[in-house]
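A short write-up of the structure that comes next.
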């Protein structure tokens, strides 16, 4: 009985650890292993090449462009998502049927699959028959090639990502706002604090854990974007929307260069991990939990 009492905590967490190891740890380790081999996914034999795949990646101009595209896409998506959802949360953080309806309405895109949303937006952004060009035409603007122009294609994908993620981020911000004690608002009112001062000096610091959480998950999710690119642009035009995950998919399952694709996956893992660690270090002293 004494032994069981000692082993019971480990037995309780064993299923979760097993699942985590099988579906997270093992694939990562196997990806690192494959990154050091030349393998076409069909041949039963693999050729050990060491760091050659990484060397070729770093010398490939297209891969450097892919990293730049991923960084720009992630930065724009995170900035606009955090900013717009915070503004929406400040507006919707009040009682009333109308505000409850709007909260549900803007959250609905979050539960729709990326495939469906990408197909809808591909039609909306169609240069000839799309709803978006029809709308801007009402104000005298000419038609834009949203997805087929190098100057607008990446921005168009950011618009879709922000539209889909706005509702979820807004509701998380609303939860953060509602967790702030009412005493803080009352103290600010007694001091005749202006709305902007109240927000900047009191509300914003109290929201720092929420902002910290949303920046992390949006940054990781944006670096992993795939479905919208695969359906709407296929990495084009002229490689302008090709990002890391789509690049990995192409080389892994179109060109069957598994080792090369795995090396790109290792670099993606390194970039996301490094950015997360740096962000944790920079924000650790600026996040207030009380």
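Each residue, glycine too, has its Cβ placed from N, Cα and C.
Range with TrEMBL annotation transmembrane segment, chosen from 198-217, 218-237, is 198-217. Residue ranges 41-61, 104-124 are listed, and TrEMBL annotates 104-124 among them as transmembrane segment. Tertiary proximity for the transmembrane segment (198-217) is limited to same-chain residues at least six positions away from its ends with a CB under 8 Å from its CB atoms, namely 78, 81-82, 85-86, 90, 169, 172-173, 175-177, 180, 184-185, 188, 276, 279, 283, 286-289.
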